[in-house]
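Now, the feature entries from Swiss-Prot:
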type     : residues : note
REGION   : 1-125    : region 'Disordered'
MOD_RES  : S14      : phosphoserine
COMPBIAS : 31-50    : compositional bias 'Low complexity'
MOD_RES  : T62      : phosphothreonine
COMPBIAS : 63-77    : compositional bias 'Basic and acidic residues'
COMPBIAS : 78-89    : compositional bias 'Low complexity'
MOD_RES  : S86      : phosphoserine
MOD_RES  : S97      : phosphoserine
COMPBIAS : 103-119  : compositional bias 'Basic and acidic residues'
MOD_RES  : S106     : phosphoserine
MOD_RES  : S123     : phosphoserine
REGION   : 155-208  : region 'Disordered'
COMPBIAS : 161-176  : compositional bias 'Basic and acidic residues'
COMPBIAS : 185-200  : compositional bias 'Basic and acidic residues'
MOD_RES  : S192     : phosphoserine
DOMAIN   : 211-492  : domain 'FERM'
MOD_RES  : Y223     : phosphotyrosine
MOD_RES  : T379     : phosphothreonine
REGION   : 518-636  : region 'Disordered'
MOD_RES  : S541     : phosphoserine
MOD_RES  : S543     : phosphoserine
COMPBIAS : 581-595  : compositional bias 'Basic and acidic residues'
COMPBIAS : 606-615  : compositional bias 'Basic and acidic residues'
REGION   : 609-707  : region 'Spectrin--actin-binding'
COMPBIAS : 616-629  : compositional bias 'Polar residues'
MOD_RES  : Y654     : phosphotyrosine
MOD_RES  : S658     : phosphoserine
MOD_RES  : S668     : phosphoserine
MOD_RES  : S703     : phosphoserine
MOD_RES  : S706     : phosphoserine
REGION   : 710-858  : region 'C-terminal (CTD)'
MOD_RES  : T730     : phosphothreonine
MOD_RES  : T853     : phosphothreonine
Amino acid sequence: MTTEKSLAAEAENSQHQQQKEEGEGATNSGQQETQLEEASQAAAAEGSDQGEQKLKASNGDTPTHEDLTKNKERTSESRGLSRLLSSFLKRPKSQVSEEEGREVESEKEKGEGGQKEIELGNSLDEDIILKAPIAAPEPELKTDPSLDLHSLSSIETQPAQEEHREDPDSETKEGEGIEECSGTEVKEDPESRAEREPEASQKPVRRHRNMHCKVSLLDDTVYECVVEKHAKGQDLLKRVCEHLNLLEEDYFGLALWDSATSKTWLDSAKEIKKQVRGVPWNFTFNVKFYPPDPAQLTEDITRYYLCLQLRQDIVAGRLPCSFATLALLGSYTIQSELGDYDPELHGMDYVSDFKLAPNQTKELEEKVMELHKSYRSMTPAQADLEFLENAKKLSMYGVDLHKAKDLEGVDIILGVCSSGLLVYKDKLRINRFPWPKVLKISYKRSSFFIKIRPGEQEHYESTIGFKLPSYRAAKKLWKVCVEHHTFFRLTSTDTIPKSKFLALGSKFRYSGRTQAQTRQASALIDRPAPHFERTASKRASRSLDGAAAAESTDRSPRPTSAPAIAQSQVTEGPGAPIKKTPKEAVKVEEKRGEEPAEPAEPEPTEAWKVEKTHTEVTVPTSNGDQTQKLAGKGEDLIRMRKKKRERLDGENIYIRHSNLMLEDLDKSQEEIKKHHASISELKKNFMESVPEPRPSEWDKRLSTHSPFRTLNINGQVPTGDGPPLVKTQTVTISDTANAVKSEIPTKDVPIVHTETKTITYEAAQTEDSNGDLDPGVLLTAQTITSETTSSTTTTQITKTVKGGISETRIEKRIVITGDADIDHDQVLVQAIKEAKEQHPDMSVTKVVVHQETEISEE
């Protein structure tokens, strides 16, 4: 049907053209010649257009196009048919582009001067376009780049044009009578379009392109992922934390390193592409906010990655340490990675495989090995916690440094940390601005300003300015200050204000969670502890508890008072008889190590206890000195220092002497007088060295449950955090009936039996002959006594210097006398808790519970 209609239309159109030509006569001969030229050009373009027609006709219109092309070839020599074909070839182009159609209409009106032909062409073209669309543009329009680019603007037309470029050479060979110039014209057209093809084809691809990211992790591995081009910083950070199985992700961030010492934090609220210069998206995963107290972190895996960050800081020189601190931190690193020392597995030079310091020496490695060999049954998680507890005390812990100059042009360094803004000059801190004193922080061009709150004697606010290298550096410092102040000082983040017309200033706000919100979220974590691999040994993080207590060469491993607490889990012995006058003493020894000269590990001191009291509990720690007091009712506790460590566990000597005072048996009277003469000096030195009390890991455990009811079969308390304790128990029953009868020969006086029970819990310590032979030089000593109606508390503080190391020891004794039953667990817990609150940086190494009960027989 379509073929018949198209042929009839062509016949009518040819007759119409012939009649019109005869009417016009010779006056239109010039126009006819022009139309002949156009017809010849159109016929030359037929060969190039046939390939496209065949491809498009493959959709179901093949018969129509084949008949039409055959008809064109048969009537190509006819003048009227040439004009008809010219109008047909021009008109479909106007259906594709309205602008081209208007140009074609204007040319046809000028060249032929008739409206009837155009109307007829429109009526015929509508059917032809629906059935067999013809896209054969004029030759002069093919070379117009603007029109070609316009035709490439849609994605749907792209495949047809690519197919059209493949066939023109083969199709031009089929056409006969085609001029050479028209053939070259057809060849140039695909080349010009091929040059413009990459530009047009890239547009839709870029619109949906994903970006490849590389993130260097703290364990020296690289995490690669693909993110959407418009992804924000928080999207990438979340993916990295999911890869690492981290839930406490607010302490971490992604950084871009401008240089080896300068980094820029990726803003989590902005798109990544707006913050990254260049195509390669390479980031590093780092700790952004260093927690002031790492013990408050909920999960071990979070503390482990914090340890990895601090190790990088130490090796890179961003966290300077002394030799002793490097050795101590290095030993905890080895313990965390390798576990307990095993000579068969580790050999003699295993520490050299680890990078522990910027300038690692053989001497440092030997010291690390010596300390590592002294640790027994310390879990990786406990070693990480000990590492963090020592690292957080360093002056440069968690300080983000920025180079600047003061108003006089002197080079300084500004440090931002959790407590405030620090100012350093020549590697020394010269000023500190805590966050509570800072009212406002701002920047203008390359200057950075802080407004300080006036003091008590000041009446006006003061503004301090600093000069930074560039505007970008000033803005970066300002952002870091805003983030640290918001995270550590505020309970919630501020909402970003709505944009106002011509609003001045930056809209930047910290968009993450604050530390308070992070702790609340961490408290809701109820998943089991995740298993992860240590970087060096690839050893799964697991508990190393259960190993027998062994000797330590240099110092007792102390998991921050956890051992002492977990160790003191026993108070009640077998069968409690009737108590008439129970007396209980709790004695807590604590030791503090200070490093005035060359720092080294404090050597543990051992104390012999020669006791005579009714019922006592003694808790010594691994580096304690002596504090002793008269136990009450004419009974004294005598403390002796052993020359050699050959004490029998649980051995106690009881002496009845009403006038015997507590003294060190190995010290002369002159030394004792010196002790009492320097009490004021000791008090001053001790109070200066004690920091603010802060809650420790043990205090948290005390608040949740009481661990004083369980014991292992071998008498060792199952502690998860501390070294094993050696428990000894001694029960002595003395018969005082004979003495009473000799003094008071009365039949009414009952016979009294005294039962004494002593339970000792002590951290495992090694034999150190040198330390015991050299008692050290005693600097100061102080004794403080307080009494109530039912208890007496005695605290003795001594300070000695041994081998260039200052050592402070505190011993506390509590004696409770009463007729009622006493909750020994509660007394012990309270004594240890008070000791830790008063001296949070000391450790409890020994607990001795001494109980004496008088049994009357009627």
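Just so you know, glycine gets a Cβ as well, placed from its N, Cα and C.
Put simply, Y223 (phosphotyrosine) is 28 Å from T379 (phosphothreonine) when counted between their Cα atoms. A simple way to gauge crowding: the CB of T379 (phosphothreonine) has 21 other CB atoms within 10 angstroms, across all the protein chains here. The DSSP secondary structure for T379 (phosphothreonine) is coil. Here Y223 (phosphotyrosine) comes close to K214, V215, L217, V240, H243, F285: these same-chain residues lie at least six apart in sequence, with C-beta atoms under 8 angstroms from its C-beta.
The local packing around T853 (phosphothreonine), expressed as other Cβ atoms within 10 Å of its Cβ over all shown chains, amounts to 20.
Following the DSSP three-state reduction, the secondary structure of T853 (phosphothreonine) is strand.
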